[in-house]
Ligand SMILES: O=C(O)C1=C[C@@H](OP(=O)(O)O)[C@@H](O)[C@H](O)C1
Ligand SMILES: C=C(OP(=O)(O)O)C(=O)O
């Protein structure tokens, strides 16, 4: 689907959609528990992939008035009667690869072309170390992946630089292993806040995980535990809200976004980023209300190590800011739905912005955005970020715009409701 976007001014109030990351975990942990209600889940293409995968492994999940009522597997996933298709969801693939190692039989996991090009070898290596018979069918670490069960637990080490999802996946499965696991992190643990969310939610379910940071980072995971998540309400999503907040900052408009309470989400960092760039941002954390008033922005240095999903948003903010912005420590941003460093460099160059792409960084010199026919790279975050740039530049089209269904199905409807000039061009 293509959209056309014209110069826009926005104003008013919106509610942030609920968190994709928290929803994935609530469904998965609920499905490993006995019985659970997940309230206000994000129902998007990615989280519905997790619902479908958990059902394949034996959970019963029903949508009731917008909530999810789950009859769980009580820690014992079954052997699916068919291949698990995670569609476009990397989180679903990683979590389910680890969870299916608890089943007494073979599980095949696949996904769309993007998923079948994303790396998983560090996770497969550790699962093999933990007695799991698991391999990728093309022997390249990518899906399709075959998991033949056998998770025991042991001491293992994993590189933390590529994806925190490998660690989250192991934290999800190892408490159900038959022997204790000690997982040591080699190098920097990128996207660390997502692991914090995983630990937080497992502890909500009564699962014990000891985090030892006395000498590097180690996760000590006792075996033979039980999951007991009964009732969980999903918080608002700062990654999705970042597009709404940044739009106001870029357009010199004022917007208020509700349902944004403090949580372990690293992408709440967007508030500090906007302040550092010169926007006026009020956050009533108690009420969960963020108000942004746009001012002339200035370039900053942004370390993307903990917050990879903010990179497209920060890149378009940088495009309209005075001076230079360096987005650094960002190599892991290349392993998402697409190589987001390259995608943003190509598309912002089409809009007349000077942008230098290096292995783990983007250097962006703010300037005058020109309208263009842009490619969305079938990546929801590229499409949503480019929409903001287009609202400044005007006379812009963006293709693969349907990919917003991955994390924010109502993005175009909601941003149009506060003034964005957007027209759907074709299906
Ligand atoms: O665990 C999660 O929910 C996520 C972890 C991050 O991936 P990496 O850990 O691979 O950076 C992030 O990009 C993704 O959108 C969601
Ligand atoms: C990369 C993302 O998610 P996933 O890794 O689950 O595909 C994302 O939402 O930007």
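Easy rule for this one: first residue shown is 1, then count along the chain.
Cβ from N, Cα, C; glycine included.
Residues annotated as domain 'Enolpyruvate transferase' in TrEMBL: 8-414.
According to TrEMBL, the feature 3-phosphoshikimate binding site maps to 20, 21, 25, 163, 164, 165, 191, 309, 336. Residue 191 (3-phosphoshikimate binding site): 25 other CB atoms within 10 A of its CB, across all protein chains. Following the DSSP three-state reduction, the secondary structure of residue 191 (3-phosphoshikimate binding site) is coil.
Annotation comment: TrEMBL describes 20, 90, 118, 165, 340, 381 as phosphoenolpyruvate binding site. Note on residue 381 (phosphoenolpyruvate binding site): other Cβ atoms within 10 Å of its Cβ, all shown chains, come to 31.
Annotation comment: TrEMBL describes 309 as active site, proton acceptor. The local packing around residue 309 (active site, proton acceptor), expressed as other Cβ atoms within 10 Å of its Cβ over all shown chains, amounts to 25. DSSP classifies residue 309 (active site, proton acceptor) as helix under the three-state reduction.
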Under 8 Å by Cβ from residue 20 (3-phosphoshikimate binding site), counting only residues of that chain that are 6 or more apart: 42, 44, 46, 47, 91, 237, 239, 240, 407
Rounded to the nearest Å - Cα separation of residue 340 (phosphoenolpyruvate binding site) and residue 191 (3-phosphoshikimate binding site): 15
Residue 381 (phosphoenolpyruvate binding site) versus residue 336 (3-phosphoshikimate binding site) - Cα distance in angstrom: 10
Long-range Cβ environment of residue 90 (phosphoenolpyruvate binding site), under 8 Å and at least 6 residues apart: 115, 118, 163, 165, 336, 337
